[in-house]
C-alpha cells in the first residue's frame, strides 16, 4: 500500500509539472502570433483564421488519437504511453524558446498542429487511467478530485509565473519545466497496466461499465476501435433515449460556445482594448482562483441541495451572461468583472452516464466552433464589417449558450438512468 501511495504521489508531481509547462505559455501566445504575422497592429484576420484552422485540426486529431492511445496503454502500460505525448509537447515550446520571428512562428505552428493531435488531452486521460488502475471504486471520486485540484493548482501557478516573466523567458521556462516533468516521470513513476491490478479495480479507458452485460459477464477481447462509442452507438442512443438526446443537445451547444470563446475571445480583447500577455494572465488568474474556490467549497453544497441538473442550468445561464457582458464591454474593466462569474460558470460542463457518447458530441462541437465563430470575429473586427459591433461573434456565442440553457431546463432527473437502460441495446458487444 505504501508503495502504491508513493507511486500516486509521483503521478501528481508529473501532472503538476506537465500542466505548468503547458499552461504558462497560454497568456502570451496571442501576442506572439500577432507579432509574427501582423506586427504593430492589434487586429489581424490572418492570425484569427490560422488559429481557427489549428484548433479544428487539433480537435479532429484529438478525437481520433485519445481513444487509441488509451487503449494502447491498456496493452503496453500507462507510463510507456505517457512518454509519447509528454515528449511531443516539448518540441513546439522549444521552437519558440529559440526565437519568435515569423519563420520560427510558422515552424512552431506546423509542429504544434501535428504534435497536439497526440498530446492534447492525452496526458490527463492517461493520468486518470493510471489512478483508476491503482484506486478502488470507492476511492476513485476523491482521487479524481485530488488530480483535478493538482491541475487547477498548476494552472494558477503557471498563470502567475507568466504574469511576471517576459515573453521570451516564458517559453524557455515552459520548455525546461516540461522537460523536467518528462525526466521525473521516466525516473520515478512506476509502470501500470490494468492486468497488474486487483479484479476490484477496473481500467478507466476500457469499455468499462457501460458495455458489461447485466449478468456480470465481461465481453471477450475486442479490437481497439470497438472499445469506444462508434457513430452508430451515438445515433442509436439519440434515437432510443429522449433524455439522452436532450443531454446531447445541451452538451453540443455548450461545447460549441466554449470552443467559440477559446478561438475568439483573446483576439477580440486585443483588438477592442489592446490587451497583452499581462492582462490575459490577470483574467486567467481570476478565472482559475474563482473556479478552484467554487469546486472546493460551493459546488459540493449546491449539488446536494439543488441537484446536478439544476446546477448545470444555473452554470449555463451565468456563462451566457458572461458572454453578453464580453460582447458589449464598454471599458477594459468589464471583462475583469465578467470573469469573476467563473465561480458559477464552472457548473456548466454536463456530466452523467453515457459520458463517452456525450464526449463524442462535445468533440464534434469543438471541431466546428472555430470554423463558425472565428470568421465572424475576423469580419466584425475588420473595417469590412457590415455594421459596427466588434463583439458580434461573442454575442452569437451568448445566443448559443442560451439555447443550451433552455435545453437543459427540459432535461429530467432521470437522464443517467434512462441512458444506462438504453446503453445495452445500442452498444454492440
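Every residue gets a Cβ built from N, Cα and C, even glycine.
In TrEMBL this protein carries:
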- 7-26: transmembrane segment (TRANSMEM)
- 46-68: transmembrane segment (TRANSMEM)
- 80-97: transmembrane segment (TRANSMEM)
- 109-131: transmembrane segment (TRANSMEM)
- 143-165: transmembrane segment (TRANSMEM)
- 247-268: transmembrane segment (TRANSMEM)
- 311-328: transmembrane segment (TRANSMEM)
- 364-381: transmembrane segment (TRANSMEM)
- 387-406: transmembrane segment (TRANSMEM)
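Here the transmembrane segment (364-381) lies next to the transmembrane segment (46-68) in space: the count of CB pairs under 8 Å, restricted to residues six or more apart, reaches at least 3. Panel annotation: around the transmembrane segment (311-328), residues 250, 254, 257, 261, 265, 268, 299, 302-303, 334-335, 337-339, 341-342, 344-350, 391-395, 397-398, 401-402, 404-405, 408-409, 411 of the same chain, lying at least six beyond its termini, place a Cβ under 8 Å from a Cβ of the stretch. Between the transmembrane segment (247-268) and the transmembrane segment (46-68) there are at least 3 Cβ pairs closer than 8 Å, counting only pairs 6 or more residues apart in sequence, which means the two stretches are in contact. Within its own chain, the transmembrane segment (46-68) is flanked in space by residues 30, 33-34, 37-38, 109, 112-113, 116-118, 120-122, 125, 205, 224-225, 227-228, 259, 262-264, 267, 360, 363-364, 366-371, 373-375, 377-378, 381, which lie at least six positions past its ends and keep a Cβ under 8 Å from the stretch.
Residues of the same chain lying 6 or more positions beyond the ends of the transmembrane segment (7-26) and with a Cβ under 8 Å from any Cβ of it are 82, 86, 89-90, 93, 96, 123-124, 127, 130-131, 134-135, 143, 146-147, 150-151, 153-155, 157-159, 161-162, 165, 170-171, 173-178, 180-182, 184-185, 188-190, 192, 280, 284.
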